[in-house]
Amino acid sequence: MTCCKVEKFAQCFRALCCKGPPPPRPEYDLVCIGLTGSGKTSLLSQLCSESPENIVSTTGFSIKAVPFQNAILNVKELGGADNIRKYWSRYYQGSQGVIFVLDSASSEDDLETARNELHSALQHPQLCTLPFLILANHQDKPAARSVQEIKKYFELEPLARGKRWILKPCSLDDMEAVKDSFSLLINLLEERDFEPSRM
């Protein structure tokens, strides 16, 4: 073995040996809420690379570990039926962020209900200081409202002023955009980690 080859071997060995395991990714506990049919389960299942054939609407709650390059999101998804929504607040404790999914192509009545539920969540004592990712889902449907229409109808500017929230359009047809939206939420969660604790 020539001297040059020995040195190259030593460099490779050091690179492999001394690198060590990558640092663990931070984990965040999130709660995911929205009415039945908004698409919460489908979006989370796609993010976890699960088969779309096995997707069943959540009736109680389910927990999914959604992996991203720089974080793992432990998402507690709550069912959105009338008889379950009144119990949502029992599952809020310990959450570090909120995902709210709405059907942007829903009926006026359902949109009004979604608006009321989002307002309740934004003002809830256990959630009001947390970052919110609001996904206007089903943008691929003809009846879908734009993000600007949703923002105005949901009165997000006055209601959520001073809070950290992101409103993004989404659909299952464009999962890259969904991943980008989650990356923005992770940025907010990381910022929150570095904030000095308030006395």
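In case you wondered, yes, glycine gets a Cβ from its N, Cα and C as well.
Nobody curates TrEMBL annotations by hand; they come from automatic prediction.
The GTP binding site annotation in TrEMBL covers GLY34, LEU35, THR36, GLY37, SER38, GLY39, LYS40, THR41, GLY80, ASN137, HIS138, GLN139, ASP140. What TrEMBL lists as Mg(2+) binding site is THR41, THR58.
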Next item on the list: Inside 10 Å of the Cβ of THR36 (GTP binding site), count up the other Cβ atoms and send me the figure.
Entry: 18
Check: Sorted by position, what residues of the same chain at least six away from HIS138 (GTP binding site) have a C-beta under 8 A from it?
Finding: GLY39, ASP103, SER104, ALA105, SER106, ALA144, SER171
